[in-house]
Amino acid sequence: MWKRMVIRGIGVVVATPLRPDGSINEQEYRRLLRWLIQSGVGYVQPSAATGQVMQTTDEEYMRLLEIAVEECKGTGTLVTAYPGRADTAHTIRLTQYAQKVGADAYFLVQPLFSRPDAEGLYAHYKAVIQSAPGFPVVLYNNPDRTCVQLPLEVIERLTDEFEEVVGLKQADPNQLIESCRRLMHKIPVWSRGEFDLLTVLALGAPGSISFSGNIIAPQLVQIVRLWEDGKISEARQLFYKMLPVIQACHWGPIPSTIKYMMRRTGWDVGLPRLPILDVSEAMARKLDAALAEAGVI
């Protein structure tokens, strides 16, 4: 169906394990990556939303990416970088670094805060793509976080002009169906996350990126496999069973609820960095109930 590189399966926006002093726990991070690989995920995304990218230094970001590339090399699990920052020059530096260190592709979100118009967005994406020839890119529209819409016309223009464009992550639910209608014959289109997993699979996507993959990666991978094997009813049943955990990931600021549920399932991930706080006792009880309902604890 698609002539360009295809990123398949379940992707995981990987949480960053932290020590009590706030430094990165590289040992636990490697353990988490190895578990994700063994679970059969298609790709991992270090230091993005769940990894608190905006509270991560460039040096930490680079190190997390390096470790992911080391751990995933030769496993079949891809590494997708997340280099988007507020300005084009900074984004280019991190994109070129990701290509140099051996990431397989990158997701490129709109510039933060500045709210450029359509031509400014086109110029930004063009400059970044041209700065890393041959490096596959997934365009990422996230108006909630960037306060600006990446228009479909700009997405189509970039897709037609650059072979490097290999997908679209459409985080605006109001644009998802139209994006699929206009683009799915050229490139895969994913939604904002795994809560739309069955929807995007039905629309023809080759999988989904996920937050709850940090907790239930094997189950999400199984849902996709069941769907691809034509076992739609079984895929639906497993999705509904996991839905409490999928929904619970978004009951608080990311990654507070995710990190709590990871700690409850045996991961030494520590607490979020400020300005994100740990969950309250009341929220912890709700999260425990969600994990129990899904059969995770």
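Every residue, even glycine, has its Cβ placed from backbone N, Cα and C.
Heads up, TrEMBL stuff is auto-annotated, nobody curated it.
As annotated by TrEMBL, pyruvate binding site applies to T50, I209. Taken from TrEMBL, the feature active site, proton donor/acceptor covers Y140. For K169, the entry in TrEMBL reads active site, schiff-base intermediate with substrate.
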Quick check for the class: what is the C-alpha distance, in angstrom and rounded, between the residue listed as 'active site, schiff-base intermediate with substrate' and T50 (pyruvate binding site)? 16
Cα distance, I209 (pyruvate binding site) to Y140 (active site, proton donor/acceptor), nearest Å? 12
Chain-internal residues, separated by at least six, CB under 8 A from T50 (pyruvate binding site): V13, V14, A15, T16, F211, N214, I254, P255, I258
Any idea what DSSP makes of Y140 (active site, proton donor/acceptor), helix, strand or coil? strand
